[in-house]
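Student: A single structure is presented below for examination.
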Amino acid sequence: MSTGEGSLGTSLHGVTGKEEVFAFSVDRTSCTTDHTTKFALPVDSEHRATVFKPFSFAKPHMRTFHLAWISFFTCFISTFAAAPLVPVIRDNLNLTESDIGNAGVASVSGSILSRLVMGAVCDLIGARYGTAFLIMLSAPTVFCMSFVSDASGYIAVRFMIGFCLATFVSCQYWTTIMFNGKIIGLVNGCAGGWGDMGGGVTQLLMPLVYHIIKLAGATPFTAWRIAFFIPGCLHVVMGILVLTLGQDLPDGNLSALQKQGNVAKDKFSKVFWYAVKNYRTWVFFVLYGFSMGVELTINNVITGYFYDRFNLKLHTAGVIAASFGMANFFARPFGGYASDLAAKKFGMRGRLWTLWILQTLGGAFCIWLGRSSSLAIAILSMMLFSIGTQAACGATFGIVPFVSRRSLGILSGLTGAGGNFGSGLNQIIFFSGSRFSTATGLSLMGVMAVICTLPVALIHFPQWGSMFLPASKNPEKCSEEYYYTSEWTEEEKQRGLHEGSLKFARNSVSERGKRAVSTVTSPPATPVLENV
Amino acid sequence: MEPTRLLLVSTFLTFLVSSCYGSVLFSSLKSTLIVNASPKPGQVLEAGVDKITVTWGLNQSIPAGVDSTYKTIKVKLCYAPVSQVDRAWRKTVDDLHKDKTCQFNIVARPYNSANKTLQSFEWIVERDVPTATYFIRAYAYDSEGLEVTFGQTTDAKKANNLFVINAITGRHLSLDIASICFSAFSVLALFGFFFIEKRKAKGNQGK
């Protein structure tokens, strides 16, 4: 329905402040395709795509998807670019094992803060500028490797490069804005997984680049420095592509839409408060620390583990390490897809159980990896462990978009920060100093992952229930609208600022599982008045 | 599963192949070679610039015939214990197959028992040698490539007659300049785009 059709009340749009101020009304049925718009893919009422076509580059949805995941992929490459070159770097800079361990912790710590900030940035200025600013301002930190001459410089530069891992937040945020909730698990899983794959690709790419540069005549201690120009240039290229080809929302860029009045500007303090107040945010902070946190830790320690424990050549150990990271290509999307599949049948409860099962299995196989004393069993357990943990990461972001609509950016940021925090914590407890051998450290980390996955049972949505409890029987609280509009005050609702959340609430009815099919709705003849 | 299976099989075979070579224990070797090097105790050398002259030969007080199995002599640059602290990749292990003490080859020469004179070689310290404290050791290998004896410039505890090598930094002025230029381009391109877009938006609003 468009404004030109003369339906009742359209001439009074915006006058009383209670009507919706957008050019099109919202359908009550879950996820109806909007046929009035000219997008390449079918879209819902929020103009989010309802179909995922990975081989397409159509504007704006699929193009956004590819820009988002490749930017994130580039940042993963540069954050872990030093890891496969450590055997050369440690000789050049006279590093000790403590220095190398500290650099590993530093590389994941920087983004704890930047992921938090990134969430707020996306909420306020949009994902496009957020990504571009981060990726282009962190390019100098990558180029800085050419100046490093001792351990403290090395640790400092790895810390600064690590800030760019906040592109994870902008990537997930951007795809969540562009794709409908029914497929969001798969889309976020693909974007996140293919980005995470950078941690594996870098284990192959950087040694290759280093060897080519050496063949061209450079001495080793110079060649590794030149090699860092490759990830640095990738940063610049991706930043320019994001700026020229990207857009914040399906309908256009954020600042343009805000000026037209189509998207309300929000206050940072409010957005932050609603994220922090929601207990589920903190449960995910812990959960993600033991899926992504474990994965980041492994990226830093696995090559050394296989090299030392099984006396492999460094090159062979690097290939094994790369396969851990590369499993992300299908493992994380698989987790997102499994989450979506479970939601179709069992709704949100299905998503929660999927997450718990995958993450617990990941932890269990990690315990097995630490206890494997034969190479073949170690590789087998590592592959199963990688699938479990990475699929759990995908399943996490099948649920996160439903925890909050108003504060999605900060929520994604806090969850992502939890991942890095968990990684730093794991590295400090289990992989620093000589208290535990690496094998014991791996098993203990697996035990801790299994224990820290239990809080999934605490995630309860009044409208959908939890792992063990059903939805609330309270007739007021058991609707999606109630949950999402409770993030707005009465005064804000009167000003119509909550319209985006309303639309989202209606599109999220699919999370009831099979119950959603039986929901009977009919479009009202008069303009919709909410929460009068 | 096919790539994983291929990886498993090939890794297993590599493991088998490497374990086919017998392992010699360092503690089982007796020192029968005399090795001398030009650096004085505590001298600091610069990588890529300074030279080390190594001389080696059989200890003449050894009874004849002991050197009948020696086929090749390899002279290597080895880390002193102080440079192995907190660095497991330089660890001394008795199994010479896994030992990482001596990682740099200076020279390899075939052994001629008839030649009683000391062999010597002048080596320019290569530019990939890290900053550390070193000594020099020579191994004699038999026809199967296994170590049969050794000689070194320092004592059994590896405590005296050590010297230091300073590595090159690996940094170059041209690299630093390129780095600054690329970084500046990144920052300027970003802010350039940002301000151009802002001005365009203001222009559109004015219309």
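Cβ coordinates come from backbone N, Cα and C, glycine included.
Source: prediction; values computed, not measured.
According to TrEMBL, the protein carries these features:
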type	residues	note
DOMAIN	A:64-458	domain 'Major facilitator superfamily (MFS) profile'
TRANSMEM	A:67-88	transmembrane segment
TRANSMEM	A:129-148	transmembrane segment
TRANSMEM	A:154-174	transmembrane segment
TRANSMEM	A:186-206	transmembrane segment
TRANSMEM	A:226-245	transmembrane segment
TRANSMEM	A:282-302	transmembrane segment
TRANSMEM	A:314-331	transmembrane segment
TRANSMEM	A:352-370	transmembrane segment
TRANSMEM	A:376-403	transmembrane segment
TRANSMEM	A:410-430	transmembrane segment
TRANSMEM	A:442-461	transmembrane segment
REGION	A:511-532	region 'Disordered'
Student: Kindly state the mean pLDDT of the domain 'Major facilitator superfamily (MFS) profile' (A:64-458) in the predicted structure.
Tutor: 89
Student: With contact taken as 3 or more Cβ pairs under 8 angstroms (pairs 6 or more apart in sequence), are the transmembrane segment (A:442-461) and the transmembrane segment (A:314-331) in contact?
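Tutor: In this chain the transmembrane segment (A:442-461) does not contact the transmembrane segment (A:314-331) - fewer than 3 Cβ pairs sit under 8 Å.
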Student: Going through A:129-148, A:186-206, A:226-245, A:282-302 one by one, which has the most CB pairs that fall under 8 Å from the transmembrane segment (A:67-88)?
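Tutor: Counting Cβ pairs under 8 Å, the winner is A:186-206.
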Student: By a Cβ-Cβ criterion of under 8 Å, what residues six or more beyond either terminus of the transmembrane segment (A:282-302) are in contact with it?
Tutor: 80, 83, 104, 107-108, 196, 199, 320-321, 324-325, 355, 359, 362-363, 366, 382, 386, 389-390, 392-393, 396, 399-400, 403, 411, 414-427, 430-431, 438, 441, 445, 448-449, 452-453, 455-456, 458-459
Student: Cβ under 8 Å to the transmembrane segment (A:352-370), counting only same-chain residues 6 or more beyond its ends: which ones?
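Tutor: Residues 287, 290-291, 294, 335, 338-339, 342, 346, 377-378, 381-382, 384-385, 387-392, 395-396, 398-399, 439-450, 453, 456-457, 459, 466-467 contact the transmembrane segment (A:352-370) from elsewhere in the chain.
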Student: Tally Cβ pairs under 8 Å between the transmembrane segment (A:186-206) and each listed stretch (A:129-148, A:226-245, A:314-331), then give the stretch with the top tally.
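Tutor: If we count Cβ pairs closer than 8 Å to the transmembrane segment (A:186-206), A:314-331 scores highest.
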Student: Are there residues at least 6 beyond the ends of the transmembrane segment (A:129-148) whose Cβ is under 8 Å from a Cβ of it, and what are they?
Tutor: 67-68, 71, 74-75, 78, 81-82, 93, 114, 118, 121-122, 154, 157, 160-161, 163-164, 166-167, 170-171, 173-174, 225-226, 228-229, 231-232, 235-236, 238-240, 242-243, 246, 248
